[in-house]
């Protein structure tokens with residue numbers, strides 16, 4: 001593992017919660033990214049606006065030098081890189097990234113544009129606590145080309161899905177979905193951009209819901 005940067009906060013830090021409450025033990029979240037990190041940025045922005053009662057304790061990637069890691073660095077969040085090179089032992093990589101993530105003691109792992117499948121070691125350690133988003137209405141159009149496949153098939157409605165990661169490819173339990181209408185003049189790029197808008201909003205909502213259900217709260221202490 002290559003450590004790119006180090007930020008982070010105490011698990012005991014209070015963060016904003018609904019109804020005049022604050023989370024005593026904030027949900028610890030590790031985010032995995034492979035590219036520009038716009039989904040990650042949506043989570044960071046929601047947290048900074050007091051709308052997401054979690055602590056993003058680390059951002060990891062399979063690729064160095066990406067904008068997603070730069071976004072984390074600008075936000076003061078710890079980062080790490082675990083590259084998977086061509087021809088490398090996939091099971092060994094899975095064990096390494098499992099250890100990397102485990103070092104941050106997350107309550108939740110969010111795959112936010114992470115383009116590698118997580119293997120048996122990772123799911124054995126974090127199964128039931130790993131979510132992903134996908135730019136299609138699963139179970140339709142799984143895989144890496146959801147918007148392209150939706151256009152090719154000729155559907156009038158597609159969308160985005162947030163789901164719990166399992167051992168399959170985009171087969172896990174669906175947590176939330178949003179529909180997006182396909183315009184007659186859509187290209188893959190224009191359709192994908194509209195899906196991304198819904199995907200970002202929905203991911204923030206799902207993580208916020210999980211923060212509510214997975215953490216305890218108590219009344220805020222008056223200033």
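From the backbone N, Cα and C atoms, a Cβ is placed for every residue, glycine too.
TrEMBL: automatically predicted annotations, no manual curation.
Taking TrEMBL as the reference, the stretch among 21-44, 45-68 described by the feature transmembrane segment is residues 21-44. Spread of the (6R)-10-formyltetrahydrofolate binding residues is 20 Å (greatest Cα-Cα distance among 90, 115, 116, 117, 118, 132).
The distance from the Cα of residue 132 ((6R)-10-formyltetrahydrofolate binding site) to the Cα of residue 170 (site 'Raises pKa of active site His') comes to 8 Å.
Cβ neighbour density within 10 Å is lowest for 90 among the recorded positions 90, 116, 134.
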